[in-house]
């Protein structure tokens, strides 16, 4: 059995464990809300809801979630990054079983069709993907950063990020200054450009995770001293890119409807993860014409299946207005607080005070991101992994105030994504 088979199997088990843990975390929150609803209906005003950490379901879920992330990290030492990044979509298949048996959700025909596309796509990817699993020395990893193809790829990636960020800011300005509905163009382009920037930078965390996993494997075989400037540099880059990805993921769900942003996030993350692995580790060198065609076909199947997994737009129209009203009140409260903070910062003439205010905002963003990612906040999303594209819901209101009128370009948000 080749090392790539071991890596693929470990990654599949890890992705399934992450998804199972995510569903248990969701179930723990459901149990907490159900208990609160029962006590409220009984008129128990003195009832104080327990923290979700007190529920055994949530505690078991966090263990599975952590174990799955560890397995995914280990898998990158044994198989190609392009193969493992694509295999992360296998969690959508497991999510059907977990959603049906754990959360008692109804599985639609559309979801079954989407899952079929993902299964066949993964079969093509595994059959015709890169089956090599070399172990690189730190010197080889450092040398790959100066490779001409990788340098050109990084330059193109910077251009893609800068262009899409400019496109997103321009769209925000146009919509905020427009008194009329600008149509569906910018309503689609805004989340697309947002997802491209997020996926292009966030997917680099997979590259650094594979490098760390590779060096850890060398350390275990006594061929490398793990403590070195290169190791610590890779760890810092991993934390920065992973933190950026998690923050953008949480915030993107608060800005856009899950119908649009979730498939875009998943496709962008998977695409850039595969491309980065192809270029940096030169995985393209083992591909001939047939393998390229079949690999692209497999990616197309996976992306098509992911697109079909988007929630049904009609469900959002049939929901009552209570959720939208609550979200609007939260957004108004948040925007008001942010404006007060900005006024306070502007009125202060002290540079030190201004720096403190900005540092406090950054820490609040980081705290909010970590809390929501692990299901610890009052407004939570499903647990998210930086090593496998996470299953997410849109049940979050984000943490960044926006001066523009978001109702002009943000469709009605729905939390049906996690309900399949």
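Including glycine, each Cβ sits where the backbone N, Cα and C put it.
Because the structure is a prediction, the values reported are computed rather than measured.
Per TrEMBL, the listed range annotated as transmembrane segment is 292-310 (candidates: 292-310, 311-329). For the transmembrane segment (229-247), the partner stretch with the most Cβ pairs below 8 Å, chosen from 110-128, 189-209, 259-280, is 189-209.
Listed stretches 6-25, 84-103, 110-128, 259-280 were compared with the transmembrane segment (189-209); the greatest number of C-beta pairs under 8 angstroms is found for 259-280. Between the transmembrane segment (292-310) and the transmembrane segment (148-168) there are fewer than 3 Cβ pairs closer than 8 Å, counting only residues 6 or more apart in sequence, so the two stretches are not in contact.
Sequence-remote contacts of a segment are chain residues at least 6 beyond its ends whose Cβ falls under 8 Å from one of its Cβ atoms, and for the transmembrane segment (84-103) they are 7-8, 11-12, 15-16, 18-20, 23-24, 26-27, 30, 72, 75-76, 111-112, 114-115, 118-119, 121-122, 125-126, 129, 203, 206, 266, 270, 273-274, 277, 298-299, 302, 305-306, 309, 387-389, 391, 419-420.
Listed by sequence, the residues of this chain that lie at least six past the ends of the transmembrane segment (148-168) yet keep a Cβ under 8 A from its Cβ atoms are 189-190, 192-194, 196-197, 200-201, 272, 275-276, 279-280, 282.
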